[in-house]
Amino acid sequence: MSSVDLLLPLLIAVPILAATLPIALGLWLDRTGWTVATLTTSALFIGATALASIVYTRGADVTHTLGGYSREFGIELVADQFSMLIVLLVTAVATGVLAYTRRGGPRGNTFYTAYLLLTAGLLGISLTGDVFNLFVFLEITSLATYALVASGDGPEAAVASLKYLILGTIAASMYLIGVAFVFMATGTLNMLELADAIPAAESQTLIHTGVAFIVVGFAVKVAQWPLHTWQPSAYQQAPDGVTPLIAALVSTASAYAFGRLIVTVFGVEYLTAMPNAAAVVLTIGCVSVLAGTILAVIQTEVKRMLAYSSVSQFGLVIAAYGVVIAGRSETAFIGAAIHLVGHGLVKAGLFLGVALVARSYDARTVDEYAGLAKSRPIAAGAIAVLLLSLVGVPPGVGFVGKWYIALGAVQSELWPVAAVIFLSTMLTLAYAARLLEKMYFTPSATAERPHAPAPVATDGGDAGPDDSAAEPARDEPGAAIAAIRGDRSEAPVSTGMVAIVVLAALGAVALGFAGGTIAELLDPFLTEVIN
Amino acid sequence: MIEYLFSHYTYVLVFVLLGIGIYMVIASENLVKKLIGVNLFQTAIFLFFISMAYIDTEGASAPIVPEGGVPLNVMVASPLPQVIVLTAIVVGIALTAVGLALIIRIYAEYGTLREDTLREVRADE
């Protein structure tokens with residue numbers, strides 16, 4: 001018993017402590033970062049799985065009070081059925097993306113320090129049971145993300161990162177103001193204590209103001225139109241190895257936190273009674289769904305297109321929260337949870353696929369994807385499966401999430417929302433189909449390889465996708481530059497990279513079948529918070 | 001109404017400060033000034049927390065445990081917001097440091113701190 005709840009602080013403390021190792025060891029050894037990160041994230045994944053099996057089989061929350069202070073004064077960490085979904089997603093994606101970065105870079109030790117800090121922050125957001133602690137973890141996550149985005153090539157990355165920093169900081173500050181108002185009215189910061197104190201609070205105006213600030217703060221963090229402007233440039237300018245991680249997890253964790261505040265802290269019942277709360281959340285979500293998809297359709301850059309697609313997919317999640325508030329619908333909440341996890345996995349896979357293509361052919365626009373299915377059938381196939389899953393073609397996970405959300409909307413008789421979900425699926429198909437058409441039906445018009453490389457001696461010139469033999473060659477200082485160039489164009493894609501994209505595609509389909517299971521797992525949590 | 005605002009003047013000042021901060025972020029073309037605006041915005045929130053913990057009663061004191069235990073009738077300022085602000089200050093400093101580092105990089109690459117010039121330079125590339 002007592003040893004189980006120690007897993008909670010360990011899940012957060014281990015990556016923070018491990019984040020110091022790449023820098024410290026880097027004083028003596030050159031390339032320890034990847035090893036440290038892989039060991040840590042794998043350990044985290046195992047720990048998360050163990051914790052999840054306990055939470056789901058026992059059917060009770062696992063809690064840990066930090067430092068032994070009771071939850072009125074101290075900070076509590078909570079693992080329940082909802083948070084464990086996100087913890088599993090975070091640890092799985094963080095481990096998986098490393099399969100790309102080993103060869104795909106960025107390679108420096110400091111990169112892995114930021115990587116582990118980001119993982120720690122995300123796990124903190126998922127596990128904390130304290131609204132101020134949530135702010136701190138939001139900021140740890142954001143700081144690590146700013147650093148990771150800025151590590152991209154060229155000065156554009158710094159501009160994108162600064163834009164993200166200013167907007168992200170103001171968003172987190174808005175959330176903090178909201179917390180201040182709620183704290184003023186109730187005098188506590190613990191989520192469960194707040195759940196009791198909020199309906200009983202004397203001054204409801206303070207709490208309503210707090211809710212307003214919190215909604216605006218999270219609308220920026222989750223990248224909802226028109227507050228999404230930081231997100232496309234951040235995703236586009238971040239290094240290819242970083243985008244999958246931040247696209248899959250950072251906004252997801254914020255959206256999770258928002259959902260947590262809605263169902264646990266304020267409570268569905270309270271928000272249903274609050275004037276305009278449901279209407280505002282629904283409007284933010286639905287407008288983002290439409291605006292995000294339309295903006296995605298007109299993009300030419302694949303990474304940017306997928307970034308706008310994230311705006312619309314998170315719009316769906318927020319709209320689902322709106323349905324939860326308006327109709328007290330359990331179904332919509334299950335849909336939101338499944339869509340959070342499913343979208344995270346699908347986007348991680350898609351951005352990994354995009355990174356892989358960018359490394360092999362330097363192809364970054366939709367047009368450059370022409371003929372990809374011929375030259376890279378496996379990767380193209382995986383990307384196609386992921387795209388279809390994003391659209392919501394069964395049995396992909398996108399279908400299950402949207403199905404539950406739409407079902408919830410119909411049950412609550414919110415017809416406009418159901419219509420928006422249907423329309424968004426059609427529009428998602430519009431941009432996904434563009435890419436699919438290019439990959440499968442357009443012959444590559446330009447020369448076979450626009451950046452055809454000369455064979456590089458150090459690589460043997462003919463290294464296949466699996467050129468682990470060429471790995472040592474790259475370390476020879478004399479051939480370094482030639483080898484780096486050669487690597488980029490000759491055999492830049494390792495088996496691991498292809499494997500992880502395929503794995504993500506398989507996961508997206510498998511999760512599609514697991515929709516009912518996830519709904520069952522969430523059931524105890526939902527009966528507790530909604531009824 | 002006016003009287004109410006005067007008796008709660010710290011809150012009024014805090015929200016004026018918030019407005020100034022966010023106005024600087026929006027209106028100033030200079031990146032460093034934008035960051036100063038963000039800082040001002042955050043500082044206003046710190047002051048908000050601190051002022052909500054303040055109590056204006058006779059005999060009230062700072063939340064320090066006196067020698068020989070705590071008398072039951074003592075009025076102290078709530079220590080929790082002060083702890084929160086300490087943490088938030090640390091977060092704010094880290095953010096400022098990262099922001100300034102990014103601005104230095106932008107200046108080194110583009111040779112300007114002004115956003116409008118930056119937009120022109122980037123459009124030309």
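Note: Cβ is positioned from N, Cα and C throughout, glycine not excepted.
Annotations in TrEMBL come from automatic prediction, not curation.
Pulled from TrEMBL:
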- A:6-29: transmembrane segment (TRANSMEM)
- A:36-57: transmembrane segment (TRANSMEM)
- A:77-99: transmembrane segment (TRANSMEM)
- A:111-128: transmembrane segment (TRANSMEM)
- A:129-428: domain 'NADH:quinone oxidoreductase/Mrp antiporter transmembrane' (DOMAIN)
- A:164-185: transmembrane segment (TRANSMEM)
- A:205-223: transmembrane segment (TRANSMEM)
- A:278-298: transmembrane segment (TRANSMEM)
- A:305-326: transmembrane segment (TRANSMEM)
- A:332-357: transmembrane segment (TRANSMEM)
- A:378-394: transmembrane segment (TRANSMEM)
- A:414-433: transmembrane segment (TRANSMEM)
- A:447-473: region 'Disordered' (REGION)
- A:454-463: compositional bias 'Low complexity' (COMPBIAS)
- A:498-519: transmembrane segment (TRANSMEM)
Maximum Cβ pairs under 8 Å to the transmembrane segment (A:77-99) - stretch from the list A:6-29, A:36-57, A:305-326
A:36-57
Report, as numbers and ranges, every residue of the chain located at least six residues beyond the transmembrane segment (A:6-29) whose Cβ falls under 8 Å of a Cβ in that stretch; write 'none' if there are none.
36-37, 39-41, 43-44, 47-48, 50-51, 62-64, 66, 77-79, 87, 109-110, 112-114, 116-117, 119-120, 123-124, 127
Grab the same-chain neighbours of the transmembrane segment (A:498-519) for me: Cβ-Cβ under 8 Å, and only residues 6 or more beyond its ends, written as numbers and ranges.
85, 96-97, 99-100, 334, 337-338, 341-342, 345-346, 348-350, 352-353, 356, 378-379, 381-383, 385-386, 389, 394-401, 403-404, 465
